[in-house]
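Taken verbatim from TrEMBL:
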BINDING   B:C347, B:C407, B:C410  [4Fe-4S] cluster binding site
REGION    B:418-442  region 'Disordered'
Amino acid sequence: MEAFTTHTGRAVPLRRSNVDTDQIIPAHWLKKVTRDGFEDGLFEAWRKDPSFILNQPEREGATVLVAGPDFGTGSSREHAVWALQNYGFKAVVSSRFADIFRGNSLKNGLLTVVLEQKIVDALQELAERDPQAEITVDLEAREVRAEGITAAFELDENARWRLLNGLDDISITLQNEADITAYEAKRPSHKPRTVQV
Amino acid sequence: MGRTLAEKVWDDHVVRRAEGEPDLLFIDLHLLHEVTSPQAFDGLRQAGRPVRRLDLTIATEDHNTPTLDIDKPIADPVSRAQLETLRKNCADFGVRLHSLGDVEQGVVHVVGPQLGLTQPGTTVVCGDSHTSTHGAFGALAFGIGTSQVEHVLATQTLPLARPKTMAITVDGELPDGVTAKDLILAIIARIGTGGGQGYILEYRGPAIEKLSMEARMTICNMSIEAGARAGMIAPDETTFAYLKGRAHAPEGEDWDAAVAYWKTLRTDQDAEFDAEVVIDGAALSPFVTWGTNPGQGLPLSASVPDPASYEDASERLAAEKALEYMGLDAGQPLRDIKVDTVFVGSCTNGRIEDLRAAASIVEGRKVADGVRMLVVPGSARVGLQAVSEGLDVVFKEAGAEWRHAGCSMCLGMNPDQLAPGERSASTSNRNFEGRQGKGGRTHLVSPQVAAATAVLGHLASPADLSDAPAARTPAGV
């Protein structure tokens with residue numbers, strides 16, 4: 001995973017609540033067997049509407065998505081995170097994220113930042129008023145900064161450490177190989193098995 | 001202090017607990033399907049890692065599989081390639097796979113329980129958010145992303161922060177004609193699509209204890225639609241009776257030891273939940289959705305709500321957008337909404353009990369003119385069981401299409417899709433924009449409401465059939 005320390009970029013205000021992962025990347029895109037090439041599928045249905053925010057020329061190259069509450073609900077498809085990253089987003093700001101989407105984002109280095117709704121509103125207003133306005137998402141300082149706005153955000157220390165260092169979860173877990181083996185040795189015999197090995 | 005059911009199962013799976021770290025949890029059962037696994041297997045290959053526990057891993061094909069002509073090559077080359085990728089990955093790594101045409105093939109969340117692999121007190125994961133289904137057995141079961149699929153394949157564990165717990169107590173008795181689907185839709189409407197975020201739900205109370213395993217699976221299945229990764233129901237005699245004799249259920253002394261353990265899996269009297277919700281089961285009636293998220297639902301007897309009636313600005317905006325997408329007007333009675341398609345199936349309502357319920361309503365009746373009714377069993381075995389009971393004949397005589405097993409129109413990754421503007425009554429779990437096909441409009445319903453709707457051509461419950469079917473001329477849509 002790519003490390004995330006701090007990022008500054010222009011923003012896209014997405015004034016919708018409950019943006020589900022079917023909207024972020026529709027199911028027919030899920031037939032791909034790679035982690036890349038999903039950028040054209042991002043918000044595919046909404047992008048057919050010329051007035052949709054991502055279609056506005058001044059939003060080209062924006063890297064911070066400022067979304068409505070309950071972003072990423074529904075399906076567990078990690079493709080939603082890949083689609084946002086493939087398109088160029090580095091961070092998503094919302095007052096609430098769905099649990100699975102949030103977990104997936106942090107495993108891929110897409111920083112999902114939870115801020116109070118009134119701060120999200122202020123960031124959306126800023127981005128709407130001035131498409132050139134930049135937002136800084138600073139993971140080291142755990143702070144979001146923009147013109148006239150400074151807001152601290154929470155992220156658990158372990159997740160932050162892994163993001164800052166771009167660490168691979170599997171390698172970390174395998175350092176505890178002895179614990180896993182010890183646990184396996186004491187599992188009861190009535191637990192189900194799919195095959196005899 | 002006592003512990004909740006979720007806490008007991010969690011604690012029994014902690015491989016490692018250390019200050020400042022998430023718990024490392026052991027995973028008892030890992031279910032795989034073709035959509036969320038290819039990139040995970042690629043990751044294993046790149047790192048030169050094997051699958052750690054082949055005996056705790058099983059795969060099936062469901063999302064892409066066609067429900068017609070399953071003996072012919074799959075027409076869509078991209079779907080075919082994804083299924084072939086799963087077959088190659090399972091062959092290369094040695095994973096047990098049930099492919100299209102195999103008697104154990106089907107929707108992954110129907111297959112696990114029917115094989116007896118889903119058991120009380122186990123941890124179950126799958127790269128699919130509806131893994132919450134398995135919580136019906138008192139398992140801690142949740143959906144994971146592809147990175148976590150790779151993590152479980154490589155380590156049989158997951159690092160996870162312990163969620164909070166929420167009790168959803170359903171008092172009273174569900175009235176006749178009210179099903180598990182109506183109950184869970186009512187729960188989601190009550191707590192909202194984000195109400196369960198950060199929680200494991202435990203459904204409890206007299207109305208829950210009376211439910212069959214199939215009905216409990218319907219409830220737990222849609223926990224994710226309330227924002228909760230997992231939902232659980234304490235195992236009891238109903239659970240044990242369902243499991244006894246299944247292919248992978250314990251036998252002999254193991255059965256006795258398992259049941260003794262399973263009986264300990266109840267929330268202690270003095271345990272405390274982080275949140276509690278109480279629902280009056282006796283006050284419920286058939287429930288349907290009108291909008292584009294599963295929380296936008298109302299009793300069938302109600303009318304489409306007026307967005308202006310919402311105090312919360314973001315809910316108001318969501319309702320406005322939903323009505324626009326759904327092509328509905330505020331104030332329109334839900335019963336007047338005409339449908340083009342009825343879908344009976346999915347991991348929510350594709351089990352034998354669901355098919356029996358739908359068949360009992362269409363039996364001797366006809367699907368309304370201009371309505372297409374698709375019946376898709378949740379697994380090949382459910383299909384065979386239905387055929388042995390003659391349900392396929394009942395459906396076909398009524399004018400419905402009887403199909404082979406798979407996810408089908410629940411998410412339209414295969415050819416079973418709505419056309420733009422088409423409207424369905426669907427027993428599935430998501431009414432998101434475009435979920436069942438680009439521009440398609442979905443109303444979530446129970447199998448009973450689906451069947452009555454198919455007969456009358458507009459949203460209806462079986463009770464509507466008794467008085468003058470076909471005489472009613474719906475206005476509006």
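Here the Cβ of each residue, glycine as well, is placed from N, Cα and C on the backbone.
Counting only same-chain residues at least 6 apart in sequence, those with a Cβ under 8 Å from the Cβ of B:C347 ([4Fe-4S] cluster binding site) are B:V107, B:V108, B:H109, B:V110, B:H130, B:T133, B:N221, B:G378, B:C407, B:C410, B:N429.
Residue counts of the region 'Disordered' (B:418-442) by helix, strand and coil are 0 helix, 6 strand, 19 coil (DSSP-based). B:C410 ([4Fe-4S] cluster binding site) counts 30 other C-beta atoms within 10 Å of its own C-beta, drawing on all protein chains shown. The record gives B:C347, B:C407, B:C410 for [4Fe-4S] cluster. Within 8 Å of the mean position of their Cβ atoms, the other Cβ atoms in that chain belong to B:D62, B:H63, B:V107, B:H109, B:H130, B:G345, B:S346, B:T348, B:G350, B:G378, B:G406, B:S408, B:L411, B:S428, B:N429. Taken residue by residue with DSSP, B:C407 ([4Fe-4S] cluster binding site) is part of neither helix nor strand, so it is coil.
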